[in-house]
Amino acid sequence: MVEEETESPGPKKCGPYISSVTSQSVNLMIRGVVLFFIGVFLALVLNLLQIQRNVTLFPPDVIASIFSSAWWVPPCCGTASAVIGLLYPCIDRHLGEPHKFNREWSNVMRCVAVFVGINHASAKLDFDNNIQLSLTLAALSVGLWWTFDRSRSGFGLGVGIAFLATVVTQLLVYNGVYQYTSPDFLYVRSWLPCIFFAGGITMGNIGRQLAMYECKVIAEKSHQE
């Protein structure tokens, strides 16, 4: 009788593994949405900076009207930002290469500020030739990685992102999907890979910080249970 009473049915609860998987999938979606909107916002901000140089990747009226011919560019940047931001912490876990620095949102915000500054420099500074511009922006981009990342996976992924994004952008231009407003096409190609590299490092840092915050919340919940 005692055994029957102890085995009396009650409301069954999900095991810790199932609840953990569910919460992780929800948090993954939340992180993806946050990264998407951050990417869209940065795309619009950086485009405003490039308008000063008249070399925008999409026409200025894309901000004023959603029916612009290049309305799809900010959502594409947001999607790429979400993928990059989710990919960085995933690769860190698989490679077992934790970040070397104590992560804080203040460091992430400084990284974003430096990235915007690099883009602003590409729009404002005048150089004698495109090689000087490329070398300067490359040094600034590598400096951003060294200051806020320093991981081999981050550098490799940043280089891969820069190469792939530059190739895709040039293919879109060659196929007439959209075109640069600057007549100096070589000038655009001289800074584009560096901007993509710095952008990949920046979104990777944001994604890592969001993932770290998620792990901290899950650990606190499991500790309370």
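Using the three backbone atoms N, Cα and C, a Cβ is placed for every residue, glycine included.
Membrane topology as recorded by Swiss-Prot puts Gly96 and Gly176 on two different faces. Around the Cβ of Phe115 (site 'Required for the recognition of 25-hydroxycholesterol'), a 10 Å sphere holds 24 further Cβ atoms from the protein chains shown.
Classification of Phe115 (site 'Required for the recognition of 25-hydroxycholesterol') by DSSP places it within a helix. Of the ranges 29-51, 71-88, 154-175, 190-207, the one with the most Cβ pairs under 8 Å to the transmembrane segment (104-126) is 190-207.
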